[in-house]
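The domain 'Rhodopsin' feature in TrEMBL is assigned to 38-278. Under the heading transmembrane segment, TrEMBL lists 20-42, 54-77, 97-121, 133-155, 183-205, 217-234, 254-274.
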Amino acid sequence: MATSTTTTTTRSALGGRGPAILAGGWILCGLGVILVALRLWAARQKAGKLRWDFFWITLAITWCIASHACFTVSLNYGLGNHVKNLRYSEIFNALHWVWISLFVGIVGGVFSKFAIIALLLEVQSPNAKKRRMMLWMIGAILALTGLTQILLSWLKCEPVAKLWNPTLAGTCPGALRAANFSYFQGAVNAATDIFLSLYPITIVWNLQTTIKVKIGFCALMAAGAIPSLAVIIRTLQLKNLSRSKDVTWDFGPFMIWASAELWTVIIIGSIPPLRPLFLRLFSKVSSQVATSKGTGARTDLGGQTGFTMSKINKSALEKKGGISTHTEHVLDLESDGSTENVLANDHLARGITVTHDIDVKNTLGRPSDVSDDIERA
């Protein structure tokens, strides 16, 4: 008697553009996580207080990882594949998870911009109140536009589930309003990316340091304009997406650029704070190679760049008059990754040192004389 055996194969909805998007997305995600981990390790805690830019970048990377995890689920349900190759349940699940990924990603993107703004606030002179207020306003605008975009998109359909399942009974009266605001939100993101990347030039260019250091640092920060290209291309994809007849396939290019925008902000925004660490690691390797060759040569790249911000020791000023400063290091790192007192090691210091000295007179009725001394170490 003959026996028949039945074999079942597990069907995967992942296909079309999906595998390439999945691989590229996780490469960007992995690079972003590594750089942020290095950034947090290098900074650690200073004087019992973690700087605000590290606080925001930690929140940003957490939300971005969550967004990318949801995006991965969507890809496995068939996003990036043709609708004709998918079941209805797979189409609806793919759209459901990609919308969640977008909403979570908007929050992560805002936090990553907050990290850049916080870093600029550390570098900016505390006496430049108007400029500091402008940075705060940019952060508020980013938060407001991001939150508005989430609310308009999430609530554009009645019921909400019709957003990812168009077969449900109901209407989407807010679809046009949400789509139009998406263009505005994209324009705001692109403009702020460019502004925040060029803003450090106004701080660094007038400092007393070499042209080489000025150009190098400005070029490093200006690379932050690259995410604006992803924003522009992603925004231009909205028109094709709104009239798509193959939504899971056409959502692919949009999400490629949305993901690129999200991760390039984190990656490029982490490079300037990590540059001194990379220089010191390179210095160690060069020194070890030179020592092994018996040359006794020493490379002093580790102290070539970095900002040293001096802040006021308030407790000391309350007890006695005179000038008291407390050094706050923003972009300069020790050889082990922690911060160092550059002024205490003049023979190693290079690059840009910004010192704010406040002369406080303990005489009744006399105002304090505030002066900013910018010097080259």
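Positions of Cβ are set from backbone N, Cα and C atoms, glycine also.
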Please work out the mean pLDDT for the residues of the domain 'Rhodopsin' (38-278).
87
Given the cut-off of 8 Å on Cβ pairs that are 6 or more apart in sequence, determine whether the transmembrane segment (97-121) and the transmembrane segment (254-274) share at least 3 such pairs.
yes
Same-chain residue ranges lying at least 6 outside the transmembrane segment (20-42) that approach it to Cβ under 8 Å
14, 54, 57-58, 61, 64-65, 68, 71-72, 75, 79-80, 252, 255-256, 259-260, 263-264, 266-267, 270-271, 273-274, 277, 333, 337-338
Surrounding residues of the transmembrane segment (54-77) on its own chain - C-beta under 8 Å, 6+ positions past either end:
12-14, 18, 21-22, 25-26, 29, 32-33, 36, 39-40, 43, 90, 93-98, 100-102, 104-105, 107-109, 111-112, 114-115, 118, 255, 259, 262-263, 266, 269-270
